[in-house]
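Student: Pulled these from TrEMBL:
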COILED    B:94-121  coiled coil
TRANSMEM  B:393-420  transmembrane segment
TRANSMEM  B:440-465  transmembrane segment
TRANSMEM  B:533-554  transmembrane segment
TRANSMEM  B:566-586  transmembrane segment
TRANSMEM  B:598-618  transmembrane segment
TRANSMEM  B:638-656  transmembrane segment
TRANSMEM  B:774-792  transmembrane segment
Amino acid sequence: MKGCIFNIDAGYLEGLCRGFKCGILKQSDYLNLVQCETLEDLKLHLQGTDYGTFLANEPSPLSVSTIDDKLREKLVIEFQHLRNHSVEPLSTFLDFITYSYMIDNIILLITGTLHQRPISELIPKCHPLGSFEQMEAIHVAATPAELYNAVLVDTPLAPFFVDCISEQDLDEMNIEIIRNTLYKAYLEAFYDFCKQIGGTTADVMCEILAFEADRRAIIITINSFGTELSKDDRAKLYPRCGKLNPDGLAALARADDYEQVKAVAEYYAEYSALFEGAGNNVGDKTLEDKFFEHEVSLNVHAFLQQFHFGVFYSYLKLKEQECRNIVWISECVAQKHRAKIDNYIPIF
Amino acid sequence: MGAMFRSEEMALCQLFIQPEAAYTSVSELGEAGSVQFRDLNPDVNAFQRKFVNEVRRCDEMERKLRYIEAEVHKDGVHIPAVKEAPRAPNPREIIDLEAHLEKTENEILELSHNAVNLKQNYLELTELRHVLEKTEAFFTAQEEIGMDSLTKSLISDETGQQAATRGRLGFVAGVVQRERVPAFERMLWRISRGNVFLRRAELDKPLEDPATGNEIYKTVFVAFFQGEQLKSRIKKVCTGFHASLYPCPPSNTERQDMVKGVRTRLEDLNMVLNQTRDHRQRVLASVAKELTSWTIMVRKMKAIYHTLNLFNMDVTKKCLIGECWVPTADLPNVQKALADGSNACGSSIPSFLNCIETDEEPPTFNRTNKFTRGFQNLIDAYGVASYRECNPALYTIITFPFLFAVMFGDLGHGCIMAMFGGWMVVKEVSLAAKKSNNEIWNIFFAGRYIILLMGCFSMYTGLVYNDIFSKSLNIFGSSWHIPYDNHTLAENGALTLDPKDAYTEVPYFIGIDPIWQSADNKIIFLNSYKMKLSIIFGVIHMIFGVCMSVVNYNFFKRRYSIFLEFLPQIVFLALLFLYMVFMMFFKWIAYSTKNDELAYTQGCAPSVLILFINMMLFSKNVPEEGCKEFMFDAQSDIQRVFVFIALLCIPVMLLGKPLYLLATKKNNPKPEHSNGSVNQGIELQEQTDLGDVQPKPEAKSSGGHDHEDEPFSEIMIHQAIHTIEYVLSTISHTASYLRLWALSLAHAELSEVLWNMVLTFGLKDHNYVGAIKLYVAFCFWALFTLAILVMMEGLSAFLHTLRLHWVEFMSKFYAGLGYIFQPFCFKTILEQEENKDD
């Protein structure tokens, strides 16, 4: 039934989004890109794709950072076009997507100010999708409580932040905990929101978000080995909307080393496959890459169904992966380091 | 016009050009615009081609040009159009041009950089001035309160203390963007827990953003606070919100002095700004003069290098090899262009042009002029003719406007249309110069000659239908007279005119007699007339189409098809439908009121349609008393023979060609194939001479030969489909021509309704009110005539005519499987680029 009336509000945007998706580079494009000798070659090839003339007005010689900026700018323009034309509940959904960038920006700024960097140097590094009005004044805050009271209380992130209000000074450890707590709250809220929308959107998005939550839980666990983070604190950071919840998370909370994490993953078919294929030797793919690959396949699957919001999320994520790929290839080309040039993650 | 009957003969040529002469030669070829190059390196990536660096240089120059153009537009300097497009620069000039562009770009960059700096200064000073002026009000207000409290302090000690603390309040003053004010204020309140007092005043006039030139609205604020720690935090917030802070002395006199100082500095700065602006204008104006020709030159250059990228390098690197399609008629021009190209760069070795034989289907190229182009486009829209197939566009020039006119027949409407078309044709040059983006207008303008002809033909058919805005013209005097006396006329509302008494036996000179205008049975009469007319035209048109196929069979050396396909087709069509046309004429001639024989008077005239149906079904009709069933004596037997022969044609159509092909195939196995391999042998030899020329992609055999390779079953299926389609289509297409009558009827009826319902309303009164009514009614009538009868009806008649040509006429002989010849021509390339810019 939802499908019948979906097109009234979101049909145009879904069509637009699927059109954008067709512009995502194919395997054959990547094969051409990795053959490039210089960044100019890369530019010439990208001109033949949907990117068109996005680099035409850049004076030579190109740098990787300009390519990165332009790729991101194009993506942001597309996303904002979608956002500006959307109505409820799609607009809230799209806003939810931007919150994760906001979290990243906040953490970036706080870490930067902690290291005495001037704020004007940090601002250009922030993701434009996650910028908000009070962002640049973030350095007035010295404690999480202040951060909440002065800066975040007016932003949509405020409800996520409630769990991390404390009077402790902001230090590296604290910031990491804030980031993860924020993410946990954000993922759970987003998960609930998608559930509430229901229908195909819930089916598709909950799958993707559950994976995202589990990935975070596993990564947090692996990264916490050898740090001061206590097991109880660690357990508090796990997002509780994944498939690992509750048994897997309880097992992860008890884990002491990588092997134990792997043993936990053994119980879950899809994750054990990821751990199987991962390794740190030369030629092996890292666990992180494996996770990325799995994410890409989930996002590609989102396009198999119609009449749901998942395509917007998936498009953004796929496009981001593509930007990472192109930047990776450009870096390899620019630094003449071709041995690892094939380590990009193909999408189609 | 002979050239238009078939597309031009094309030759596949190989070009051998010295690398140094390549650029100039291709430039000459681009000016000539009669060569279509083929890509000889289809497997090579865009960035691995030979001239990719030059293309990149062109891209860089284009980027600079775009930048310059944007700057010129920003300052509103007019870019004059060039009269004659400059030729592509030769390689030496390219370097000059590049340097020149570099210099200009840097100059403009520097200019705008300076301007931005100056404007930034100016902006800051203006803001400071505003801060000083606006804060004045706050401070005076505050001082007044202060004065108040001072006087009050005599009475109460408490207020005195307040006044004392006020003295220790610090403040910052600055400017912030207006849309950020609420968030800014809230944030200040939050970080100080409500201990900041903010006063603000909006600037009425927008300021100019120095970098982009956009207008920005700002607000002046003064924040009062207490304590140093708070000050640093407030400053942090201010930087966070991009508020610019300005020093503002606390005492009144200092402020006054500062305002004065700022004002003088502003005036100075204004002068400097004006001077830089003038200088910038001068620089841009001088650049603007050259800009268009530079752009054209760079675009031509880029096109040349793109073309050179299609070329192949000889192994010895001594010459470039290109392949191209050339119309054989243009070969001398191409030779000349190549020679010019070699001369231009002083190369001692001339370039070679070598025609090679090929199995490949060449592109279709019909040379058109401004008159025939419109008609050719109508045909190409259906499908580009196969190579050297006969081109229906030639006949379309007349048949198209004619069939249109049969539907649109009205002298008045045709006249309007002809005048519109004529105006476009007469003003052609000036209208074409005004390039319009209006798609509808461009369509009309491209079809101006079609519209003119359609208008003229409609005037003619209008005259034949005797129809002008639904009224008739009585030019030659009706050939009917009224046999009744005045008394009878006065008594009766309607009377019948018997042709026996009332008709003078001399037909009206041209077209329909105007007397029909007042007849009650006008529509019945006209329907019968127009229906017959449509069938007659339709059958003739179709027979003509079928006959055209003979020309194709003859040309493509498929003589057997004349006997096995054309002959049964034409016999089938003629014996059934041409016979029906014959019956119509016979009925017109043989039956008359003046005939003495009862069987040939008007009452006994049999229906042609019923006769035809009976002929097909072999059934009989019982005639009325005194009449005969048939028009002439042997008709029944003749009809039976005709149907029989026509039915016999169907198996011939179905089996003739496949069986013939089967028979010939058995007799001489694969004659064509060996021929093809001989051809290839010659090519291979040539190629080995030249070194490593890529072997050409496997050529598709042309349409005429492909039957030989097909298995018998496939030929059979094709032929069966073709036969069924043809047999059914003779009936459905004949019926389809009835649209000529239907649209013509609709048009006539609509215009009559419009006259009766709208204009008559204004013509009824004979006093002054009538004049006003007529004035209004005429407005509506004219509007509807133009909008509905000329525009809408014209469009619908146009579409129906198009269909009659594409489906009913062209399906009889036209394959339309070719691809169009797209020569490398600077003119079209520049036009395309320009359209892209718009």
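Here the Cβ of each residue, glycine as well, is placed from N, Cα and C on the backbone.
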Student: Who are the long-range neighbours of the transmembrane segment (B:638-656) in its own chain, taking Cβ under 8 Å and residues 6 or more past its ends?
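Tutor: For the transmembrane segment (B:638-656), the far contacts come to 563-565, 567-569, 571-572, 575-576, 579, 615-616, 618, 719-720, 722-723, 726-727.
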Student: Within the same chain, where does the transmembrane segment (B:598-618) have neighbours whose Cβ lies under 8 angstroms from its own Cβ atoms, ignoring anything closer than 6 residues to its ends? I mean 6 or more beyond.
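Tutor: Hits for the transmembrane segment (B:598-618): 532, 576, 580, 583-584, 587, 590-592, 624, 626-631, 639-640, 642-643.
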Student: Are there three or more C-beta pairs under 8 angstroms joining the transmembrane segment (B:774-792) and the transmembrane segment (B:393-420), sequence spacing 6 or more?
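Tutor: Contact between the transmembrane segment (B:393-420) and the transmembrane segment (B:774-792): present.
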Student: Under an 8 Å Cβ to Cβ limit, what residues of the same chain, 6 or more beyond the ends of the transmembrane segment (B:533-554), are close to it?
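Tutor: Apart from its flanks, the transmembrane segment (B:533-554) reaches 389-390, 392, 395, 399, 403, 406, 561-562, 565-566, 569-570, 573-574, 577-578, 580-581, 584, 730, 733-734, 736-741, 804, 808-813.
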Student: Do any residues, 6 or more residues outside the transmembrane segment (B:566-586), come within under 8 Å Cβ-to-Cβ of it, and if so which ones?
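Tutor: Contacts of the transmembrane segment (B:566-586) (Cβ under 8 Å, skipping residues fewer than 6 from its ends): 532, 535-536, 539-540, 542-543, 546-547, 549-550, 553, 608, 611-612, 616, 631-632, 639, 642-643, 645-646, 649-650, 652-653, 656, 726-727, 730, 734.
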Student: Averaged across the coiled coil (B:94-121), what pLDDT does the model get? Just tell me the whole number, please.
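Tutor: Computed over the coiled coil (B:94-121), the mean pLDDT is 88 on the 0 to 100 scale.
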